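Notes to accompany the following structure.
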Amino acid sequence: MTTRLYLSPTPPRNDREGASKSTSASIKHDAYLPPADGNRVLVDRFGRIARDLRVSLTDRCNLRCTYCMPAEGLEWLPTEQTLNDAEVLRLIRIAVVKLGIRQIRFTGGEPLLRKNLEDIIAGTAALRTDEGEKVHIALTTNGLGLDKRIAGLKEAGLDRVNISLDTIDAERYVSLTRRDRLSGVLASIDAAVAAGLHPVKINAVVMPGVNEVDIVPLAEYCISKGSQLRFIEQMPLGPREQWKRGDMVTAEEILARLEEKFTLSPAKEPRGAAPAALWNVVDKSNPDITGQIGIIASVTHPFCGDCDRSRLTTDGTIRNCLFSRTETPLRDALRDGASDDELAQLWAGAMWEKKPGHGIDDEGFLQPDRPMSAIGG
């Protein structure tokens, strides 16, 4: 029997609770009038509060994954247009101290290509949230070179790591990434597990006719390593005209393949604002082999109604959604002498304009102008 895994997509809180336009107006009023201590939260018109900040540290990458970047011809941002270390840390401090951010995820491009990454993580780890806790710090990486730096990154304050791996077949890895580097990624997964950054999460984008055959082998591999595999529906973020809604491999199709090998049951822990729906898996041929797998169904079962993310690009702009067509620049204001409160106000305004959903299925949907490598995962 095939397990039915999802209910209908969750609407934004505003719609879910039947909030009126007047309620939204009061939310906006509160968002722009800080309390006595001068702090705000990043709230939008639908009552969603951003607690998770994705910080892209570079648009550069040492792979050329087919669904993310062209093989050649992509120009990198000039250094002077990107935030320097002090600017990155200042904006992170504003986000944490003044705007209620509690989790920071460093992304790219490939964040391990950022010089002084350990210093940026250490500076972030020194901050305390509005609850008096250490900021939770995570890293999303392709894994190349991570094994050689994992000890220093953990010492600096890194709590957790996500490693991208779409196949464990060597030939298919070369075809997907246009680089022969699989052994380096596998070494980094081993190093992250050994360093105790649990759970080490493995991100795999599933593409039609490309790596569907890797679904079960990836699951077996990740379970053997004690890491948590998360399958991701391919989204319209790569080279234009490559993605077609009708051709994508859906969450249901991924789970159907998993059920050929495993018994699946919903994880009991609450999902909250997490993007992945978690499933406990048991090997049908050996019940002693167990693990947990996540499915991120951003297209077929969007979780926009519970999204708690804000995004800072490497050139200092705020994106309130991965698929937003508009951005709010902070870099120039920062370099022109804006105060922390003024930058926080700009940031709050950007998040207020967040739409109820990503709109992938809307008529007239346009994918972002930036490639994924320049937005940050």
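Using the three backbone atoms N, Cα and C, a Cβ is placed for every residue, glycine included.
What you see is a predicted model, and the numbers here were worked out from it, not measured in a lab.
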Among Lys201, Lys261, which residue does Swiss-Prot annotate as binding GTP together with Arg54, Arg105, Thr140, Arg309, Ser310, Arg311?
Lys201
Looking at Swiss-Prot, which one out of Cys222, Cys321 binds [4Fe-4S] cluster 2 in the same site as Cys304, Cys307?
Cys321
Around Ser310 (GTP binding site), which residues of its chain at least 6 apart sit with Cβ under 8 Å of its Cβ?
Leu42, Ala50, Asp52, Leu53, Arg54, Ala95, Ile101, Ile318, Arg319, Asn320, Trp347, Ala350, Met351
Need the DSSP three-state call for Lys201 (GTP binding site) to compare against my parser.
strand
Arg54 (GTP binding site), number of other Cβ atoms within 10 Å:
21
For Arg311 (GTP binding site), which of the binding-site residues Cys61, Cys65, Cys68, Cys321 has the nearest Cα in space?
Cys321
